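As recorded in Swiss-Prot, the features of this protein are as follows:
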type     : residues : note
TRANSMEM : 13-33    : transmembrane segment
TRANSMEM : 58-78    : transmembrane segment
TRANSMEM : 95-115   : transmembrane segment
TRANSMEM : 146-166  : transmembrane segment
TRANSMEM : 168-188  : transmembrane segment
REGION   : 238-264  : region 'Disordered'
DOMAIN   : 322-361  : domain 'UBA'
Amino acid sequence: MHAWEAPGSLSRALPLASSVLMLLLSCLWLLGAGPSLRLAPELLMEPWQVHRLLTHALGHTALPGLLLSLLLLPTLGWWQECHLGTVRFLHNSTVLALATGLLAVLLAGLGVSGAAGGCGYMPVHLAMLAGQSHHPGWPQRTLPPWLLPWLLLALTLLLSSEPPFLQLLCGLLTGLAYAAGAFQWLELSEQRLQVLQEGVLCKSLARCWPLRLFPTPGSLGELPVTYPAGVRPATPRPPYLASSDSWPHSDGSAQLPPRLGPGQLTWKNSERGLDWAGSSFASATTMWAALDEQMLQEGIQASLLDVSVQGSQSSLWLPKPSVSSLRLQQLQHMGFPTEQAAVALAATGRVEGAVSLLVEGLVDTEALVTEGRSSPAHCTGTGAS
């Protein structure tokens, strides 16, 4: 799967924020707007110049610095946006750019020469890399993750003279502080993130092509993945370890309940059902909620298997009042067959539970939804695929 392909997407789409940022940096360079965005402490006293604390990252005055920033956006920025989500990626980038500007101005005010006066996006790249390289989902390479930001800092100093060294160092230190939890109070909560992603604008951008808004993996607004009939991934993806903050400075870690080993939790079998419920494994409370959902899924599967064992001894028929037409239409719009959707709804009574059964391929029943109670519809049985 390519880095810019969202799970379950039918066509390739580029991450929206990183791609638009590349266009913006290029346009500002062509317009010669770099000097007017320079982080100059002497100009920040004017009210209309405060924007430089944030917009200093968008301007460039040296071509090597611009090319290096543009090169890192598709190689590093796309990966970060796909794994953080577009909204959280924009939020983290904005917070780190502003914090870097404030730290540079503070050092310049203390008399440290060269701490400010430059511009460029490289300090934000360093800050994002320093914070994201400690994330559990970061690809394991030969080099240790903590060494990557320092190598990028040395490479930037060799290839470009912009921004100044101290401004680059401010960006790297800001990222390390972010990874340590210094900005945890500025993090987007899961509720606020869900509200933003469920807005009309975000929903519209999530359907766009070739630039697409990526939802935060594991968030409540992310629907489970559906595959066409007969198409299944070779190896299931591990569930996302979602938490209130995507970077690893949470206070606690998930623990298993007493007398329950990790082998008893079939996370792979119920992966998409847990994703639909938006379960978060970052605390013990959410772990118990996930366990309750897991036990419910196992009970539903056992009840369906009991129906398949009876076979020809009893026939399955679904009266129409037992199946909600609105919920059935929702499943039909997702692309599920009507007969299987009706059986899953009758077994669970909830759309999310029915989606979980259908996605896992546990419903293989041909049933008919009847108008009354007098004409039963025979089925071929239910079993695990």
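Keep in mind that glycine also has a Cβ here, set from the backbone N, Cα and C atoms.
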Average model confidence [pLDDT] within the domain 'UBA' (322-361): 78
Same-chain residues near the transmembrane segment (13-33), Cβ under 8 Å, at least 6 residues beyond its ends: 4-6, 58-60, 63, 66, 69-70, 73-74, 77-78, 80-82, 86, 89-90, 93, 121, 205, 208-214
Counts by DSSP class (helix H/G/I, strand E/B, coil) across the domain 'UBA' (322-361): 30 helix, 0 strand, 10 coil
Segment-segment contact (the transmembrane segment (58-78); the transmembrane segment (146-166)) at 3 or more Cβ pairs under 8 Å: yes
Contact set, same chain, for the transmembrane segment (95-115): CB under 8 Å, 6 or more residues outside the stretch: 39, 41, 44, 52-54, 56-57, 123-124, 127-128, 131, 164-167, 170-171, 173-175, 177-178, 183, 186
